[in-house]
Protein chains: 2
Amino acid sequence: MEWKRINRKLERHPARAVIYSFALADIIGAILLWCPFSHVKTLSFIDALFTSTSAICVTGLTVVNTAQDFTHLGQFIILVLMQLGGLGVMTFSVFIALGFKDSLSFSSRLSLQESFLPHFTPEPRKLLFTIFAYTFISEALIALGLFLCFLGHGLGIKVSLAQAIFHAVSAFCNAGFSTFNDGMIDFQKSYAVLALIALAILLGNTGFPIVYELLSFFKEKRHKLSLHFKLTVYTHVALIIFGTVAFLWFDSAGAMAGLSWPLKVVTAVFHSVSARTAGFNSIDIAHFSEHSIYVFLILMVIGACPGSTGGGIKTTTFAVLSCTVWSRLRGFPQAVAFKRSIPVDQVGKAVTLVFIYLLAIMLFHFFLTFTEPNIPFYKSQHEFLGALFEVVSALGTVGLSTGVTSNLNLWGKICIILTMFVGRVGLLSLISFLSEVGHEPRPYRYPKERVMVG
Amino acid sequence: MEWKRINRKLERHPARAVIYSFALADIIGAILLWCPFSHVKTLSFIDALFTSTSAICVTGLTVVNTAQDFTHLGQFIILVLMQLGGLGVMTFSVFIALGFKDSLSFSSRLSLQESFLPHFTPEPRKLLFTIFAYTFISEALIALGLFLCFLGHGLGIKVSLAQAIFHAVSAFCNAGFSTFNDGMIDFQKSYAVLALIALAILLGNTGFPIVYELLSFFKEKRHKLSLHFKLTVYTHVALIIFGTVAFLWFDSAGAMAGLSWPLKVVTAVFHSVSARTAGFNSIDIAHFSEHSIYVFLILMVIGACPGSTGGGIKTTTFAVLSCTVWSRLRGFPQAVAFKRSIPVDQVGKAVTLVFIYLLAIMLFHFFLTFTEPNIPFYKSQHEFLGALFEVVSALGTVGLSTGVTSNLNLWGKICIILTMFVGRVGLLSLISFLSEVGHEPRPYRYPKERVMVG
Ligand SMILES: [K+]
Ligand SMILES: [K+]
């Protein structure tokens, strides 16, 4: 069967398959968006490519106004690209983690997989079905809620339905695109819309493995949660609380000064959730204080949970490194968490990931300061921070911006397009590659020798 | 004997001894500098404390002009503080790495030490003597060279001698203090002075273990260099070349535009060497392009070699992490370099060090943006970058500044004083602590469990 043949090919070269399929979808998307039926005014190819890359990488950075410059068909193309991108990322990362390669037997697969689903590896097709079902059911429920909200705001049935579907998909996929003129800023005082969008973001970026384990936990009445579950959930919740408290502290009298206290709390939670890595904002990012910008940077780098639609280095990577540090300070030679020890090769993987991620931030930030010496924003007081924010946002596929995006010149646009693609596809390939090479047995061992560290 | 008793006490609590002795010297230094005989005009206690901390931590940041605002006696006190600080750091870090604790037998000490001196651990008193001899001989030779140079510049015998001794100590200890009005900017076209200062910096920041191994290599005609030696020297040289090329690339037509090409090369090498972590500059840092500032930041964070007078995370820490990443990409489960494998607990130590170091940068940078909302510099275009540069420079005990230091208010000064102290003493204590707890045997092991990383 064709499905089996494609499946086998995908399984043989997961990294290559990711790169090819994303690049292909990206270019097809760009061409479609470039066609006259997609846009209202003239649209350069680089802007079409930027929008397509931003959509397929579920980043949400925009050089043109999604609401005004695209036709309904153009917006539909963006919707499809986001959905493909979100599903693609989630599926690929789950499959990579489970180590699905046709050359492996079922038993060796069990021993090799990153065991976020302890004692259980579902059949690939069934797993794929579950991911799709989870995605569409979540999106449908959120869309229904948003539809009622938008109706309540007096938008009319057709517009409400279209906007509800677009925003449900955009939020679940952590894409951050909006077909309202000023995005969520239009709804900055609507508790219901903010809460629904935040919920959709969480359904998308908490990661499928957590959902799956939660389902099987209730179904099978198991009382033992996996280490992956505990680490992910603790880190996820801690980061949301950290962001909320920080935003309230630094900007309750600043960017959020005009809001009532309950709304301040909701807005702070909304931005804390959205910074990892959805990219919706109900307040202009440029209005936030420098201290909040700082917090945004941290949240954007850490990003979402693994096996989700979000980007960044991921909560577990951060957790594994934190555990390594904390264990080392307590005197353990290895990383320890919840009375389990984390294998050495996974600590190495986390170190590698973070090292390369920070290197990528530095390089792209560096390029951007080269490409953008003349735009007005760059020359103003935020030059360094604004460019850094832009790159961290693009690499983490977040989509927040202090206003740099709309001022980018040709080379700046190319730089950010590359950043978005590397942040999404490059990272996924790297993870796939690391999962693969980590399991190769080595026939020889080198003798140990100590060096003086620090 | 008193020496033995003190020695035993030091050995029992290396971290505590470091903190107490540095804090004590710091406060005594501050009081001495505060006394009327030390300064020309009025001097607030916070400025005296700032200068004393900067000297004892061999950082070199200054809130007052060392040349104009201190008397000769005041300058001599600064000289003594620098010398004590430099020697103290070098001695402590070497002793910590060798694991000198009186509760350990000689054989267990051999197995525990970070083996930068393979198959050989000298007797403590002899080692101390060698360190002191190396320091004073190096400083004397450099002082002689500088004396001749300054004479050639027509400074007069007495002034030349005083300046030569001050700058030889300041450069060897990587302190970066200068008793010339504009520091090395006065000698920006003197090849000999720049070369001598750079040489003194290298003698100080390449680290005593390298010197010791080199000496014993030639004395004993051994043909096997340790892994520590290879990793340190390769990284050290690579970083110097990296900095030189970068500065030439970014500023040969910028900050260094007025210089001849040979002088441009010497100036670039000088700043590349000085950024890790001496802190002399022959060109105003504020004149460098933003790209060079970037390179400065990287060099300042990595810093000097272990067992030296310099600061930062150290070359070997960076090398161990790079090896971990590179080995992981090549499929090794462990960190591998020069056909040797680096023990897991040392990778953990490096991760812990870098993690805490970066956390400290973020926290202090954060505090500084809080303390300094009103100074003119902060409001100008470099606010974020300038504050970051200042904190990285203080934590790495480098002493370079884009001009922020002289504009600091009271809280900003306190923030930078703390940063300098933590960067010097806190880091040394942390390393000591990590070396200690890493060797505690644990009676139990937790079962392994994998998580999904990335
Ligand atoms: K996004
Ligand atoms: K220094």
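Using N, Cα and C of the backbone, Cβ positions are placed for all residues, glycine too.
No curator has checked TrEMBL annotations; they are predicted automatically.
Note that the coordinates shown come from a computational prediction; the quantities given were computed from them, not determined experimentally.
Residues or ranges marked as transmembrane segment by TrEMBL: B:20-39 (among others).
According to TrEMBL, the transmembrane segment annotation covers B:45-64 (among others). Within the same chain, residues 22, 25-27, 29-34, 38-39, 70, 78, 81-82, 84-86, 89, 170, 173-177, 278-280, 309, 311, 390, 393-394, 397-399, 401, 405-406, 408, 410, 413-414, 416-417, 420-421, 423-425 sit at least 6 positions outside the transmembrane segment (B:45-64) and bring their C-beta atoms closer than 8 Å to a C-beta of that stretch.
Residues 11, 14, 17-18, 21-22, 25, 29, 32-33, 38, 51-52, 55-58, 66, 70, 109, 112-114, 116-117, 121, 124, 127-128, 131-132, 135, 165-166, 169-170, 172-175, 177, 204, 208-209, 306-309, 424, 428, 431-432, 435, 439 of the same chain sit 6 or more residues outside the transmembrane segment (B:76-100) yet have a Cβ under 8 Å from a Cβ within it. According to TrEMBL, the transmembrane segment annotation covers B:76-100 (among others).
Beyond the transmembrane segment (B:127-152), the same-chain residues lying 6 or more positions past its ends with a Cβ under 8 Å from any Cβ of the stretch are 86-87, 90-91, 94-95, 98, 159-161, 163-165, 167-169, 171-172, 190, 192-193, 196-197, 199-200, 203-204, 208, 211-212. Residues annotated as transmembrane segment in TrEMBL: B:127-152 (among others).
Annotation source TrEMBL lists transmembrane segment at B:159-180 (among others).
If you look at the transmembrane segment (B:192-215), the same-chain residues 6 or more away from its ends with a CB under 8 A from one of its CBs are 86, 90, 94, 97, 116-117, 130-131, 134, 138-139, 142, 145-146, 149-150, 152, 167-168, 171-174, 184, 225-226, 228-229, 232-233, 236, 266-267, 269-270, 273-274, 276-278, 280, 282, 304-310. Sequence annotations record features per position, and here TrEMBL assigns transmembrane segment to B:192-215 (among others).
Here TrEMBL flags B:227-250 (among others) as transmembrane segment.
Summarising the annotation, TrEMBL assigns transmembrane segment to B:350-371 (among others).
The annotation transmembrane segment is assigned in TrEMBL to B:383-404 (among others).
Outside the transmembrane segment (B:410-435) by six or more residues, the chain places 14-16, 18-19, 22-23, 26, 46-47, 49-50, 53-54, 56-59, 61, 63, 85, 89, 92-93, 96-97, 99, 114, 311, 349, 352-353, 356-357, 360, 364, 367-368, 370-372, 375, 390-391, 394-397 with a CB less than 8 A from a CB of the stretch. As annotated by TrEMBL, transmembrane segment applies to B:410-435 (among others).
Highest Cβ pair count under 8 Å relative to the transmembrane segment (B:159-180), across stretches B:20-39, B:350-371, B:383-404: B:383-404.
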